[in-house]
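Data block below; observations after.
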Amino acid sequence: MTTTLTRPADGDGSVQVHQDPGTKIEEGALVIAVYGKGGIGKSTTSSNLSAAFSKLGKRVLQIGCDPKHDSTFTLTHKMVPTVIDILEEVDFHSEELRPEDFMFTGYNGVKCVESGGPPAGTGCGGYVTGQTVKLLKEHHLLEDTDVVIFDVLGDVVCGGFAAPLQHANYCLIVTANDFDSIFAMNRIVQAIQAKAKNYKVRLGGVVANRSAETDQIDKFNERTGLRTMAHFKDVDAIRRSRLKKCTIFEMDDKDDGVKAVQDEYIRLASNMLNNVEPLEAVSLKDREIFDLLGFD
């Protein structure tokens, strides 16, 4: 077992899943955890960002941390089996596995892993993430990696699904220019504040997605100390790329808006590689968000 429950932990009086030292990712790789409200486009953002890093010559590994295991299919062009599914087939004897059993090569050489998750209502997502990282380390698959991206389930910030924050250098929060998305973002900021007490993770910034404007995001950023790292408008080619099971970099750049989206992803990847300054954002109380955003 790779994770333990201890008290006290990150939050005051809370019980959290803590990282087993044996699952620690070695220094050197840039590790990014991508969070955001459910359905906001985290997997699309993560996959396109992975592709952008690969375009910059980096060796990239993307780890999907969602029981739906659909994080990487635009990179691999198919749904791949999860780590948990594969481990169950060998009765959790990981020594019987080969890397090609659970890691798949996607667009432009991006390595793809889907951790999967426990059955609904059982188990812990943090344990699954820990098992995945442990398996990757056992097979020495993290040693030749420049960038690791964790694409994390929805806006669930319990101790389990906050586990990828224990491995990450930075967290990127994907949001839209609406109240519900920003409300979820505030909760994620709170989780990062808790994890940053004991782990190296820091806020990298915000990715504004599927939003023509960013006025509400800007208002929240100014109040909390966040910043927008990239802005993707509601370009139909992004939706169509998902339907075609491919990244935005595989779409015709002559299509309306495609080149601008590609350039924005490259810009985001470049900025993340340049030792982006971590943010010391301060979350708001729920009532403060209601007062800040609309509701005049």
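Backbone N, Cα and C define each Cβ position, glycine as well.
What Swiss-Prot records for this protein:
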- Gly39, Ile40, Gly41, Lys42, Ser43, Thr44, Lys68, Asn209, Arg210: ATP binding site (BINDING)
- Ser43: Mg(2+) binding site (BINDING)
- Cys124, Cys158: [4Fe-4S] cluster binding site (BINDING)
- 1-21: region 'Disordered' (REGION)
Practice prompt. Would you count the other C-beta atoms found within 10 angstroms of the C-beta of Gly41 (ATP binding site) for me?
Written response: 21
Discussion item. Using DSSP and collapsing to three states, where does Arg210 (ATP binding site) fall: helix, strand or coil?
Written reply: coil
Worksheet item: Where among the binding-site residues Gly39, Ser43, Lys68 do you find the Cβ with the fewest other Cβ atoms within 10 Å?
Response: Gly39
Discussion item. I'd like the Cβ neighbour count for Arg210 (ATP binding site), meaning other Cβ atoms within 10 Å of its Cβ, all protein chains included.
Written reply: 19
Worksheet, complete the sentence: Among Gly39, Ile40, Gly41, Lys42, Ser43, Thr44, Lys68, Asn209, Arg210, which the record lists as binding ATP, the farthest-apart pair of C-alpha atoms sits at a distance in angstrom of 22
